[in-house]
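Asks: Let me give you the structure first, and then I'll get to my questions.
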């Protein structure tokens, strides 16, 4: 793909995201979502591999259906209340339809089926965009409409997402699919808290974006698409592999790393809101996620492949680590001590 085309698609993604997050009118928000969808499709299908084309087709169909539901929900609300303002969503049918639409956009259970398949058909960099930037506009709409949405529906979806994301990630051997199920699991944590403390859901999203970007870029710099490839990357970039171990543990939410902060705050807030059973269930379900992060970390740093003859050892490269990877991994590990400052800003 030539640089001019890449620039156009990057600008379109920026425009679409900015349009959705800054608008207070439903039609403008919908336009932003559509621009985003159309801009990411060529990036998904640029390799012309049948799997990439299939991923682009699946992505287009799901996002088109979700956008139609967003439009239907806003039009129904405008029909009954005369309001096109995003924060004035009050009609019960509109609220329910919008919850379904945003769940489809984000990949929340039970509308999650497309996400692992699309991520598997994309490159690691496009996978990073799909897991972070493309989730930002729907998360913003969820944040703006959170007072109108039903907490029970969101909580059910959230617990199912945390359960299914953890459960289905256990048996995977492809790194992109593991990160897709990790994303579904993290979305569960955001969905469970958005009705009680929308700012906390947004903070969780920011920190998740930070840690996921660090993992995706680390995997991209060693070109690890499967666990078997990941087993031999220690010869290529030993220091990066050691840091990847800690970044994965941060994504799992272990103290004293950054990933512990959102989980701790969410459990605290849920307990304050007297939904301690939900907090207990989602905390226990995060152990499933911890297992497959540990499996990834184990493959990356501790184990050697059992049949060394079948695996080509990679040359150690003396190239310095990408600055972006260095900054993101450092932030993924060390933000917990400054949590009072983060909370004051948010």
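Including glycine, each Cβ sits where the backbone N, Cα and C put it.
Quick paste from TrEMBL:
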type	residues	note
DOMAIN	23-287	domain 'NADH:quinone oxidoreductase/Mrp antiporter transmembrane'
DOMAIN	290-343	domain 'NADH dehydrogenase subunit 2 C-terminal'
TRANSMEM	60-81	transmembrane segment
TRANSMEM	93-115	transmembrane segment
TRANSMEM	151-170	transmembrane segment
TRANSMEM	176-196	transmembrane segment
TRANSMEM	203-222	transmembrane segment
TRANSMEM	242-266	transmembrane segment
TRANSMEM	278-304	transmembrane segment
TRANSMEM	324-345	transmembrane segment
Asks: Top stretch among 151-170, 176-196, 278-304, 324-345 for CB pairs under 8 A with the transmembrane segment (203-222)?
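Replies: It is 324-345 that shares the most Cβ pairs under 8 Å with the transmembrane segment (203-222).
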Asks: Spell out yes or no: are there three or more C-beta pairs under 8 angstroms between the transmembrane segment (324-345) and the transmembrane segment (151-170), with each pair 6 or more apart in sequence?
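Replies: As far as Cβ distances go (cut-off 8 Å, pairs 6 or more apart), the transmembrane segment (324-345) and the transmembrane segment (151-170) do not touch.
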Asks: Are the transmembrane segment (242-266) and the transmembrane segment (151-170) close enough that 3 or more Cβ pairs fall under 8 Å, when only pairs 6 or more apart in sequence count?
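Replies: Stretch pair does not touch.
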Asks: Do any residues of this chain, six or more beyond the ends of the transmembrane segment (278-304), have a C-beta under 8 angstroms from a C-beta of it, and if so which?
Replies: 155, 158-159, 162-163, 165-167, 169-170, 172, 175, 178, 181-182, 185, 188-189, 192, 224, 227, 230-231, 233-234, 241-242, 244-245, 248-249, 251-254, 263, 266-267, 270-271
Asks: For the transmembrane segment (176-196), give me same-chain residues lying six or more residues beyond its boundaries with a C-beta closer than 8 angstroms to one of its C-beta atoms, as numbers and ranges.
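Replies: Distant contacts of the transmembrane segment (176-196): 106-109, 112, 115-116, 119-120, 122, 124, 127, 131, 135, 139, 142-143, 146, 149-151, 154-155, 157-166, 168-169, 204-205, 208, 212, 215-216, 225, 251, 262-263, 266, 269-270, 273, 275, 278, 282, 285-286, 288-289, 292-293, 296.
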